[in-house]
Amino acid sequence: MAVEPGTSEVRRQHRFDQGSLERYLCRCLPGFPQQPAGALSVRQYSSGQSNPTFYLQKGGQAYVLRKKPHGPLLPNAHKVDREYHVQKALFSAGFPVPEPLLYCSDVSVIGTEFYVMQHVQGRIFRDASLPEVGPAERSALYLAIETLAQLHSFDLRSLGLQGYGRGPGYCRRQVSTWKRQYDAAAHTDIPAMNELAKWLANNLPPDDDEEALIHGDFRIDNIIFHPTEARVLAVLDWELSTTGHPLADLAYATQFYFWPTSLNVLGQGSVFNFKGTIENPSFEELISIYCRCRGISTTIPNLNFFLALSYFKMAGISQGVYARYLIGNASAESSHEFAKMVKPLAEKGLELSKRLSFSSIQHNTSGELFYQSRKGQEVLLKVKQFMKQHVYPAEKEIAEYYAKHGNTEERWKKPPVLERLKEMAKAEGLWNLFLPAVSSLSQLDYALIAEETGKRFFAPEVFNCQAPDTGNMEVLHLYGTEEQKKEWLEPLLEGKISSCFCMTEPDVASSDATNMQCSIERDGNSYVINGKKWWSSGAGNPNCKVAIVMGKTKNSSASRYKQHSMIIVPMDTPGVRLIRPLSVFGYIDEIHGGHFEVHFNDVRVPVSNMILGEGRGFEIAQGRLGPGRIHHCMRSIGAAETALEILCQRAAQRETFGKKLYHHEVVAHWIAECRLSIEQARLLTLKTASKIDTLGNRKARKEVAMTKVVVPRAVLKVIDCAIQVCGGAGVSQDFPLASMFAYIRTLRVADGPDEVHLSTIARWELLDQSKKLTAKI
């Protein structure tokens, strides 16, 4: 039998009656192997400084047991019953925690209360710099911060955890509690602890009434990651969980960026000897990720208080661990090391308290208007190099493939050179750059990359960043169940399959999405889909294996915006029919898999294929379309740059009436106007991306609508000027301008026509103006 990593024989001070435990589990734990499945094996985890934790194994089944320590304990500490109940609530809500199986309050079984949970197989990283993994994965792992944001977004009532905490005043109680517990455990006087406690008590944040479910000890070595992927499987150690201010968790999770250089050891390894690098997100980037996920501003007042509180708390924990060591009741072998940590931790807390504020966005001294992360700069440079070395040279071969197969079924397949480029990009880590959870890039970072890929229409697919797959992957990432992610998101992320999105319908005015007629009706353990869709981009690709379909679910009592749902439909499901490809200004657009009319006739899929729940379709659509519209716009700006380049080359090569075209003032003015249009469009798009990063999708709705109107108009103007300078050649197959124009023109209709976005802009503008007026509009 393989030994569980990180375990040892049960330490003498934590031994208990294993026979009694085995008999109890045989009686009370469903599924626990009965005799004669072999003896129960018990080993103790070497990590963990609080509640002793044990690995149980019998008959091929593995469990984890957490118990109270023996002997005298600090007041109100080691509440394993609270750990069990909060994990049970979170597991039921789909949050990544080990499944809690059983709680035992009968101290006669093993001498203390305990609970048992399912063992989760995965990786735990004890060193925050993650030396065990490669650079690309290392940065993605830090997006465990998304998991923290998810935790803080839960409604306590929906979890059934009303009364779990003690109500408003969390920060005040924390200062008081940790001061009291430190005083009870102190073995010597440390002036810095007293001074820090006094400062915290006198500088409580004004919003101390904010309440969310918080973990209390959220850090990377309390997280189990997937064995091979950068994915969180379980968050551990809920002993300190309660309801309180979420920024306390955020500060605690990011405190290692400020860790005292004199402290290289915390139990095991150089856990906090860490600074941000190109591969590791900076403190500012982690804060930005968290704020983006929660939809809050990245300007965080009082962050110095929460960081100082984190160090005060760490000092108190360290003192408590050492106190248990002195009485022979420590949970870990390295507990004696903690005595020397209290003073440096307190001093660091005092240092942080003197910082007036922390901003998640660093002030840029390079002259750039928008902040681009270090990793964003690095990836953008790599993408530019890849485009120059591999993508541009492949353009001719790809064009020849589609010209050769334009009237055959081969046109729906991908050119071999494109598949080779995809493998090369994937090998270089230039893959799935659009998804923050994978790339660690902000929307602003990706906006600049999307512009670069937009310079060639086939380039986004090289990096697995093509629509509609990007939007579908975002939907599954944000709203899909673990089962849905495993079956569909993972192969999409790997580039093994493609997808289509079915929303627009031929028989209704789709600019008002509530007109939708496609029905999704519950029938036992299935949903039945009936309806017609068109402009389903990518459906002609032979590799298109799944569609996300939006339709109406029967709920007459709900508002008109809560009657629609999104559901996953495998393309090989009986009743799914591809009717015809739709042309765009005469182009079939084979390179993007075409734009198909698709009919769904009595299509039956399992209930588990519903995304997020009935009536949540518009909610999902808004989450999907916000960033997606920005991605389209930035790619369009890349196309505009290509068109302007063609314009200038033509103007420099051709002569009329005895002089170069660019010497004609009208052409020179066109060139200038095109540059103005591109720069204006880019600035608005980057502002919108930055606002999504800092305030979230909802707060950026006005800017998203403005960008969606402005950019296609500006780009069409540039392409039209380029066509005019090129003359007849500009509308021929010898130049990409005609197909560019056709594609960009569709963006004034796709993802909502200009008129819908203009109405949105006007509505938000009136609301903004009304705040400035005394009379209500």
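Along the chain as shown, the residues are counted starting at 1.
Glycine too: its Cβ is placed from the backbone N, Cα and C atoms.
Swiss-Prot has this to say about the protein:
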type: BINDING; residues: 501-511, 535-537, Arg654, 724-728, 753-755; note: FAD binding site
type: BINDING; residues: Ser511, Gly626, Pro627, Gly628, Arg629, Gly752; note: substrate binding site
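Locations of recorded Swiss-Prot features on the structure.
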residue	record	DSSP class
Phe501	FAD binding site	strand
Asp507	FAD binding site	coil
Ser536	FAD binding site	strand
Gly628	substrate binding site	helix
Gly727	FAD binding site	helix
Asp754	FAD binding site	helix
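The two recorded residues, Phe501 (FAD binding site) and Gly628 (substrate binding site), have Cα atoms 13 Å apart. In this view, Asp754 (FAD binding site) is surrounded by 17 other Cβ atoms within 10 Å of its Cβ, with every protein chain counted. Of all the binding-site residues listed (Pro627, Gly628, Gly727, Gly752), Gly727 has the fewest other CB atoms within 10 A of its CB. Every protein chain shown contributes to the tally, and the Cβ of Ser511 (substrate binding site) ends up with 13 other Cβ atoms within 10 Å.
Per Cα geometry, Ser511 is the residue among the binding-site residues Ser511, Pro627, Gly628, Arg629 nearest to Asp754 (FAD binding site). The separation of Ser536 (FAD binding site) from Gly628 (substrate binding site), Cα to Cα, is 16 Å. Here the candidates are the binding-site residues Thr504, Asp507, Gln724, Gly727, and by Cα distance the one nearest Pro627 (substrate binding site) turns out to be Thr504. Taking the C-alpha positions, the distance from Ser511 (substrate binding site) to Ser536 (FAD binding site) comes to 15 Å. Inclusion criterion for the binding-site residues Asp507, Ser510, Gly727: a C-alpha placed within 10 angstroms of the C-alpha of Gly752 (substrate binding site); this criterion is met by Ser510.
Cα spacing between Thr504 (FAD binding site) and Arg629 (substrate binding site): 16 Å, rounded to the nearest whole number.
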